[in-house]
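Written below as structure tokens is the structure these notes are about.
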């Protein structure tokens, strides 16, 4: 890794990946197309459609420049390769330069084609024209969307590279290279999948991501998927004019407590199993009286002395009720601390943490 060309290659690959997929650190530092060219792009709040037409065009141009940018950088990182003079470079580098140049020229030609006829050739404009009335154009649809986007009661969720926006009339998904649009009265939404993550990327809290497919009765409108947190599901329902179908029978956890309960159960199942002494019968859980007690509190964690305490109670609670008790004793304003906190036993008040909850065999 002492070679300058190897160091530059590694650094450029990391930079290119971050520039394309844009993590929060890059976005905060302003290394995004939207931030660097904000004056030319215009305000998203004022001209939403025009802003994203320009943004997607610039994004294609800059992302297609990355291969050529690597070649230019290597001209300085590896001067012994004679890359400054293409005809002196090796055949492999000549082919790479030619391919990079073709990619850049094609992207420029594509951007020029999109800009013709007042951007009418742009994919976003073509998608809007599908919803235009016979005597109208995509500009009328764009004007409607721009007006509704300026309202404060719109629903907006997700990262900038996959943002979901729902206004009074439109369901939209903003991606890196495109904008998907569907009309409320024409579309039908269906829950198709959900994924539960013990920790979200942004906060130290559990999160459930729900995938919803947006279809349309208009055959010219392509269906698309939107993803949002389960805690935002109820807000989305309020904004829509039609119910959301749950074709996959997905269980959606609408509150943080419900999400935490699933995470609590998954962690407890990884703990040490407690074997009941022979002859001991398990009684129904005193919390729900629906199932037998199936967890026992044992001080097994490696915490500092005086933190967790040994509980001498017999098994009296099921895993679900113990999880609900654990969640109910937390600071509701700081969910990121729930997994690492300690709560008193519901019966004897001995403090325990999540590592002390053992499933019963």
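For all residues, glycine too, the Cβ spot is worked out from N, Cα and C.
These figures come from a predicted structure and were not determined experimentally.
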> Of 95-115, 116-136, which range does Swiss-Prot call transmembrane segment?
Replying inline: 95-115
>> Would Swiss-Prot have residue 3 and residue 91 facing the same side of the membrane, if we go by the names of the topological domains it assigns?
In response: yes
>> Please identify the range among 7-27, 28-48 that Swiss-Prot labels transmembrane segment.
In response: 7-27
>> Using a Cβ cut-off under 8 Å, which residues of the same chain at least 6 positions beyond either end of the transmembrane segment (57-77) come close to it?
In response: 4-5, 7-9, 12, 16, 19-20, 33, 37, 40-41, 83-84, 93, 96-97, 99-101, 103-104, 106-108, 110-111, 114-115, 122, 176-177
>> Based on DSSP, tally up the residues of the zinc finger (285-349) by helix, strand and coil.
In response: 13 helix, 7 strand, 45 coil
